[in-house]
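Found this in Swiss-Prot, in case it helps:
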- R17: site 'Transition state stabilizer' (SITE)
- Y22: active site, proton acceptor (ACT_SITE)
- N74, H80, D87, L101, S102, R111: substrate binding site (BINDING)
- H100: active site, proton donor (ACT_SITE)
Amino acid sequence: MKIMVINGPNLNLLGIREKEIYGAKDFNQVIDYIKEEGKELGLEINCFQSNIEGEIINFIHNAYFKKYDGIIINPGAYTHYSIAIYDALKGVEIPTVEVHLSNIHKREEFRHKSVTAPACIGQISGFGEYGYIMAMNALKKHIKSK
């Protein structure tokens, strides 16, 4: 089972940016953790990160053309306003889980709304990097049940 993990803007700054919110692990440590846990679950995990909306959309399109079974996406700030990412997710019809390291509902009001989540089968928020593992388990179960 192939899963694409897409991380959006500023996630490459993990371990540098607002450690009290996002944790002390750097981006590469989080990616290594995701890949290790994915392997234990029998998943093929490929991770991508971009600060550019169009590149994120290209990753989503590539997931379709390369026949990925699922997508895990942390759109970063694009969560709150990217209709283009929403449209890309809806367009490829690949089961997707949206993940956020912090609880977006406990933060600034402008972070409470996700325009991308309605294109997903679910959203996981507030569990740090473990949210990605929760998403892998949820996707695996969802895909197997089809």
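Positions of Cβ are set from backbone N, Cα and C atoms, glycine also.
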Return the count of C-beta atoms lying within 10 angstroms of the C-beta of H100 (active site, proton donor), excluding that atom itself.
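There are 23 of them.
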For the residue listed as 'active site, proton acceptor', which residues of its chain lie six or more apart in sequence with Cβ-Cβ distance below 8 Å?
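Counting only residues 6 or more apart in sequence, the Cβ neighbours of the residue listed as 'active site, proton acceptor' under 8 Å are L14, L101, S102, G128.
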Between R17, H80, which of the recorded positions has the fewest other CB atoms within 10 angstroms in the structure shown?
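Counting other Cβ atoms within 10 Å of each of the recorded positions R17, H80, the minimum falls on R17.
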Calculate the distance in Å between the alpha carbons (Cα) of D87 (substrate binding site) and R17 (site 'Transition state stabilizer'), and round it to a whole number.
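Between the alpha carbons of D87 (substrate binding site) and R17 (site 'Transition state stabilizer') there are 29 Å.
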With an 8 Å cut-off on Cβ-Cβ distance and a minimum sequence separation of at least 6, pull the same-chain contacts of N74 (substrate binding site), or say none.
I6, N7, G8, L11, E98, V99, H100, L101, Y132
